[in-house]
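Peer 1: Have a look at this one.
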Amino acid sequence: MAEVAALTRPDAIHWCDGSDEESEALIAQMQADGTLLPLNAETNPGSWLHRSHPDDVARVEHLTFVCTREQADAGPNNHWMAPDEAHAKVDALFDGCMRGRTLYVIPYCMGPIDSPLSRCGVEITDSPYVVANMRLMTRMGADALARIEREGAFVKGLHSIGELDPERRFIMHFPEELTIKSYGSGYGGNALLGKKCHALRIASFQARNEGWLAEHMLIVGIENPQGETHYVAAAFPSACGKTNLAMLIPPEGYRRDGWKVWTVGDDICWMRPGADGRLYAINPEAGYFGVAPGTSAKSNPNALETIRKNTIFTNVGLTADEQPWWEGLDNGQQPATDWRGNAYDPDQGPAAHPNARFTVSAKQCPSWSPMAEDPQGVPISAIVFGGRRASLVPLVFEARDWTHGVLVGAAMGSETTAAATGAVGVMRRDPMAMKPFCGYNFADYFGHWLSFDKTGAKLPKVFHVNWFRKGDDGKFLWPGFGDNLRVLEWMIGRVKGEAGGVETPIGHLPTADALNLDGVTLSEEAKAKLFGFERTGWKAEFDSIGEYLDGYGPRMPQALRDEQQRIAGLLAD
Ligand code: GTP
Ligand code: SPV
Ligand code: MN
């Protein structure tokens, strides 16, 4: 801290204790300087709107670097800079950058404070908005500091909003030094360093060395009418449905029969093998930083209930009486002001930015699982991979075994979204939904995944889903949201050896009657595309997967290339 203060020259230093008084004082200060605008106290008690700089609305993958000593250790999946050069580059920006500002020291713990799976960090920042968000998203303050003092080890994070100039913005990771330096952005994954920077990029690197996995996955518990709960971890790329699946409300018939859904986490999952050989998972986060647009009483009623109070909204629109508003909210209200603070004009774009977000404590979610506090984590029965694929990819299929499952994850593709700056809707490979988040070479990462298949391991079954298949009219063919439970039920049936499947070269697909579709009407086109297997298209897909894997050169595990070849061979027959 002394070193950082000598470099950045703040006017004042504040050690965060996480107390209510501290939070109230910070909020009052942010209200006074316009960082936070109060929302309608009747409809949204304790809630605030933050408008970010209009050029600072999403993660910036082109400015995000993994700075390992050897470039090959960062891999072709990351932007790389030599550590010395990277330190010099950002330290020059940090030089004197906190003059006139307060430096906040945020000790935080990722995961339950008493869990052996948890890891701590300290973020130094000059943004009170970051402090307020970290307070919701992590276990922040005195308890975390006590654990850090006990353990000695922690991830060091340094952040400044700088001038919020996209030309002077870098998100630098030094996994070998357990260090993060982020300059020039105040937004989400760029600035809340506990989230993507620590809990994924640095943690994935630590996890490889220590024999565990740090993944971009939700964790959800599915309780059947017999009272048995299966936990599922699912990796979907940014803005592809994790928060929604984690909080889903069962369709009417399922509710009547006694099905329940328990939310453990909506974005990040740390898991490791337990003594019984199963994988046990914790959610390292304590809150949700969720996508607002599309969230409605129909699509995600649990999320709406969660954000009724004590919520920070970022870049949403406003109604005339200061209620938050976004596209797809569908509550009968109309926007008066857009996310930039201008009078709403549909010709000027949406009222809410497409990557507008809410920050809220996880415990406010009606489906919040008390198991989220369990220091041992929850046992995982199934791992699900999925992306946005308008064509080819069916609703669900199951991998034959672990090695095939790793290939299914490694081969994942998805159309890009507004969660990162850049073009939207472009199909790209996003292995395990970790393309922007893996802190080391993907070839080594796939090898690490493969290494979990050893004697005594009782690994979860692996599936792939696609909620986003479109018909010839360009509309989604699957109703999605709550109805996704039908697919989860099939998976759990497969785990228990009870549900039917048809073998195809890409894996097992549900038999025609294996999925409960009571109450769902699907056209013939929808049935064919959601449950069919298109050999010609998959043949081309596997050629492209082969080329993708080859791009990693000899570092790519042979077992994964063999698996790709095996399936390519089946498709050629
Ligand atoms: P990050 O927080 O960026 O990691 O995103 P996420 O994976 O948690 O995505 P989220 O659940 O916030 O969903 C993103 C968008 O996808 C929202 O606009 C949702 O309404 C939409 N969405 C989620 N699930 C479904 C689904 O089953 N079907 C369809 N059609 N859309 C969905
Ligand atoms: C994502 O982009 O996957 C998010 C939002 O969850 S951010 O925190 O900005 O990474
Ligand atoms: Mn995410």
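Here the Cβ of each residue, glycine as well, is placed from N, Cα and C on the backbone.
A TrEMBL annotation is a machine prediction, not a hand-curated record.
The domain 'Phosphoenolpyruvate carboxykinase GTP-utilising N-terminal' annotation in TrEMBL covers 2-208. For Arg59, Tyr187, Gly188, Gly189, Ser238, Asn355, Ala356, Arg357, the entry in TrEMBL reads substrate binding site. Annotation source TrEMBL lists Mn(2+) binding site at Lys196, His216, Asp267. Annotation comment: TrEMBL describes 212-566 as domain 'Phosphoenolpyruvate carboxykinase C-terminal P-loop'. Marked as GTP binding site by TrEMBL: Ala239, Cys240, Gly241, Lys242, Thr243, Asn244, Arg357, Arg388, Phe481, Gly482, Asp483, Asn484. Residues or ranges marked as active site in TrEMBL: Cys240.
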Peer 1: Taking every protein chain in this structure into account, which of the binding-site residues Ala239, Ala356 has the most other Cβ atoms within 10 Å of its Cβ?
Peer 2: Ala356
Peer 1: For ligand 1, which among the binding-site residues Arg59, Gly189, Gly241, Thr243, Asp267, Phe481 have a CB under 6 Å from it?
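Peer 2: Checked binding-site residues vs ligand 1; flagged Gly241, Thr243, Asp267, Phe481.
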Peer 1: Which of these recorded positions is closest to Ala356 (substrate binding site) if you go by CA atoms: Lys196, Ala239, Cys240, Asp267?
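Peer 2: So, of the listed recorded positions, the one sitting closest to Ala356 (substrate binding site) is Ala239.
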Peer 1: Taking ligand 2 as the reference and 6 angstroms as the Cβ limit (strictly under), which recorded positions among Gly188, Cys240, Thr243 are close?
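Peer 2: Near the molecule: Gly188.
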Peer 1: Could you tell me which three-state DSSP class Arg357 (substrate binding site) falls into?
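Peer 2: Strand, per DSSP.
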Peer 1: Long-range same-chain neighbours of Gly188 (substrate binding site), Cβ under 8 Å, sequence gap at least 6?
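Peer 2: In sequence order, Ala58, Arg59, Lys195, Phe289, Thr314, Arg357 meet the Cβ cut-off.
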Peer 1: Anything from the binding-site residues Arg59, Gly189, Ala239, Asp267, Asp483 with its Cβ under 6 A from ligand 3? List those in sequence order.
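Peer 2: Result: Asp267.
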Peer 1: Taking the Cα of Ser238 (substrate binding site) as the centre, which of the binding-site residues listed as Lys196, Phe481, Asp483 lie within 10 Å of it?
Peer 2: none
Peer 1: Starting from the Cβ centroid of Lys196, His216, Asp267, which together make up the recorded Mn(2+) site, report each further residue of the same chain whose Cβ lies within 8 Å of that point, ordered by sequence.
Peer 2: Gly189, Lys195, Ala199, Leu200, Ser238, Ile268, Ala433, Phe437
Peer 1: Cβ within 8 Å of the substrate site's Cβ centroid: which residues qualify beyond Arg59, Tyr187, Gly188, Gly189, Ser238, Asn355, Ala356, Arg357?
Peer 2: Val57, Ala58, Phe289, Thr314, Ala419, Ala420
Peer 1: CA-CA, which of the binding-site residues Gly189, Lys196, Phe481 lies nearest the residue listed as 'active site'?
Peer 2: Phe481
Peer 1: Near Ala239 (GTP binding site), which of the binding-site residues Tyr187, Gly189, Lys196, His216 can be found within 10 Å, Cα to Cα?
Peer 2: none
Peer 1: By CA distance, which of the binding-site residues (Tyr187, Gly189, Thr243, Asn355, Asp483) lies nearest to Asp267 (Mn(2+) binding site)?
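Peer 2: Going through Tyr187, Gly189, Thr243, Asn355, Asp483 one by one, the closest to Asp267 (Mn(2+) binding site) is Thr243.
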Peer 1: Enumerate same-chain residues with a sequence separation of six or more from Gly241 (GTP binding site) and a Cβ-Cβ distance below 8 A; give 'none' if the list is empty.
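Peer 2: Residues satisfying the criterion: Gly386, Trp467, Gly480.
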Peer 1: Using Cβ-Cβ distances, find the residues under 8 Å from Asp483 (GTP binding site) that belong to the same chain and are at least 6 apart in sequence, listing them in sequence order.
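Peer 2: Same-chain residues close to Asp483 (GTP binding site) (Cβ under 8 Å, separated by 6 or more) are Pro251, Val520.
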